[in-house]
Amino acid sequence: MQRKNFTEVAEFIFLGFSIFGNHQITLFVVFLTTYIFTLTGNIIVITVICIDRHLHTPMYFFLSMLSSSETVYTLVIIPRMLSGLIFYNQPISLGSCATQMFFFAMLAINNCFLFTVMGYDRYVAICKPLRYTVLMNKGVCARLVCGSFGTGLVMAVLHVMAMFTLPFCGTMVDHFFCDIYPVMKLSCIDTTINEIINYGVSSFVIIVPVVLVFISYILIISSILKISSVEGRKKTFATCASHLTVVVVHYGCAAIAYLKPKSENAIEKDLLLSVTYTIITPLLSPVVYSLRNKEVKDALCRAVGRISS
């Protein structure tokens, strides 16, 4: 009889934002608007970088990879979330849930390591400018991007295989997508091994990139302080500060969501954190990294000028 219970669950139902009751329509409008801006910003960044030869440099190559990754990342989660705000209690099959979790984990981890790669790129550009073209040639850039993607792929496979070998008894997911902990709670058996695997993977993909990013920026700041021009220091500091803002928000929310003690789980706080790293951060990235950048804005003006002429 116990075995039968293990095999009965064929689909899950997202509770999503049901705890907010009548405010779900307001949330739908806010999230839809944000999502449109996010998609538009990322598509503009990708298009402008592709068509303007002035932006065919390592820094903008990494930016285009980040924007592409975040575009797919949001497509995996947000459309179903928006649908759930209008049509309540929509089911998702175990196969679809596993697919969503796989792409979410792969792209989220890919983004973590892309931030690290971008920090390294800025370190080389500022601290070793004379060797920049040698150290960041096309082959190196391609390997760094493939390394980020490959790490995400391996970790995602590990997560999903460990998760979906579990038997499930519950069907109601206290979330708006198939995230790891909310799905794990539905298992019929002890999940200690899965929690150890998840904590180990999460620690690796959060702590290692954070350490590398901050080492890069410490070295960058030490180089900036040697710049004789006050205006030059201000401009470079402003750029680094805006980049670090996105990094802190991204890694900070991820660390709180996946490295906090199990006893501290709270549905409202988890939903807020998830909204931050699935909706807010993908919107911040194109704005901070690209659309506030003079070179990107000039390239956008050139593209618009060509179209209008």
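Note that Cβ sites are derived from N, Cα and C of the backbone, with glycine treated the same way.
According to TrEMBL, the feature transmembrane segment maps to 25-51 (among others).
Look at TrEMBL and you will find 41-289 tagged as domain 'G-protein coupled receptors family 1 profile'.
Residues or ranges marked as transmembrane segment in TrEMBL: 101-120 (among others).
For 140-164 (among others), the entry in TrEMBL reads transmembrane segment.
Residues annotated as transmembrane segment in TrEMBL: 204-225 (among others). Away from its own ends, the transmembrane segment (204-225) comes close to residues 109, 112-113, 115-116, 119-120, 122-123, 126-127, 151, 155, 233, 236-237, 240, 243-244, 247, 251, 254-255, 258-259 of its chain (Cβ-Cβ under 8 Å, at least six residues beyond either end).
The annotation transmembrane segment is assigned in TrEMBL to 237-259 (among others).
Through the fold, the transmembrane segment (271-291) approaches residues 17, 19, 31, 34-35, 37-38, 41-42, 44-45, 63, 66-67, 70-71, 73-74, 77-78, 81, 108, 118, 175-177, 179, 242-243, 245-246, 249-250, 253-254, 256-257, 297 of its own chain, all at least 6 residues removed from its boundaries and within a Cβ separation under 8 Å. Residues or ranges marked as transmembrane segment in TrEMBL: 271-291 (among others).
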Practice problem: Would you kindly list the residues that approach the transmembrane segment (25-51) from elsewhere in its chain, counting only those six or more residues past its ends and only Cβ-Cβ distances under 8 Å? | Solution: 17, 60-61, 63-64, 67-68, 70-71, 74, 78, 81-82, 85-86, 275, 279-280, 282-283, 285-287, 290-291, 296, 299-300, 303
Self-check item: Intrachain residues whose Cβ lies under 8 Å of the transmembrane segment (237-259), provided they are six or more past its termini
Solution: 108, 111-112, 115, 118-119, 122, 180-181, 198-199, 202-203, 206, 209-210, 213, 217, 220-221, 224, 270, 273-274, 276-277, 280-281, 284-285, 288-289, 292
